[in-house]
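Participant: These came from Swiss-Prot, pasted as-is:
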{"type": "BINDING", "residues": "45, 47, 62, 119", "note": "Cu cation binding site"}
{"type": "REGION", "residues": "61-87", "note": "region 'Disordered'"}
{"type": "BINDING", "residues": "62, 70, 79, 82", "note": "Zn(2+) binding site"}
{"type": "COMPBIAS", "residues": "67-81", "note": "compositional bias 'Basic and acidic residues'"}
């Protein structure tokens, strides 16, 4: 079993901890919570780079080793890092629970050392017809991020 964690933070008061667990070659289970968000949907993605030297802006694009278009988590044609939306309640808290087979914690496409990013707006899952739909899901600014690191 491989475990990883990302501690999310931002200058906007959004924070959280996201845990990743993978058994063998099975799917990765993502759990955790995020606080300080405005109520509603927020794009939730794994980005390609674990670089936060310029805040969340330096985490690069969505993790996309297969060179596909942006999509929903259940779509065949999607970035590996497309995890859909996280829903914040009226209290601004998100409880994350995702199981996904495209974000392994080991092997050539491992997400260890990359970043998880929470966006300001809903991810349209590539179906919004906006010029950014097929690249970012038109999910808006990056309100919090954290580098995914191995956990003991």
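Keep in mind that glycine also has a Cβ here, set from the backbone N, Cα and C atoms.
Quick caveat, the model's predicted, so the values are computed rather than measured.
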Participant: Cβ atoms within 10 Å, counted per site: which of 45, 47, 62 has the most, among these binding-site residues?
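Facilitator: Going through 45, 47, 62 one by one, the largest Cβ count within 10 Å is at 45.
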Participant: If the Zn(2+) site is taken as the center of the Cβ atoms of 62, 70, 79, 82, which further residues of that chain fall within 8 Å of it by their Cβ?
Facilitator: 45, 63, 64, 68, 69, 71, 78, 80, 81, 126, 135, 136, 137
Participant: Going by Cα-Cα distance, pick out whichever of the binding-site residues 45, 47, 62 is nearest to residue 70 (Zn(2+) binding site).
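Facilitator: Nearest listed residue in space: 62.
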Participant: So how many of the residues in the region 'Disordered' (61-87) end up helix, strand or coil by DSSP?
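Facilitator: Breakdown, helix to coil: 0 helix, 7 strand, 20 coil.
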Participant: Please identify, from the binding-site residues 70, 119, the residue with the sparsest Cβ neighbourhood, meaning fewest other Cβ atoms within 10 angstroms.
Facilitator: 119
Participant: Write out, in the order they occur in the sequence, the residues of the chain not among 45, 47, 62, 119 that have a C-beta within 8 Å of the mean position of the C-beta atoms of the recorded Cu cation site.
Facilitator: 43, 44, 46, 59, 61, 63, 81, 82, 117, 136, 139, 142
Participant: What is the total of other Cβ atoms whose distance to the Cβ of residue 82 (Zn(2+) binding site) is within 10 Å?
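Facilitator: I get 30 for this one.
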Participant: Cα-Cα, whole number of Å: residue 82 (Zn(2+) binding site) versus residue 119 (Cu cation binding site)?
Facilitator: 12
Participant: Distance between residue 119 (Cu cation binding site) and residue 79 (Zn(2+) binding site) at the Cα atoms, whole Å?
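Facilitator: Roughly 16 Å, rounded to the nearest whole number.
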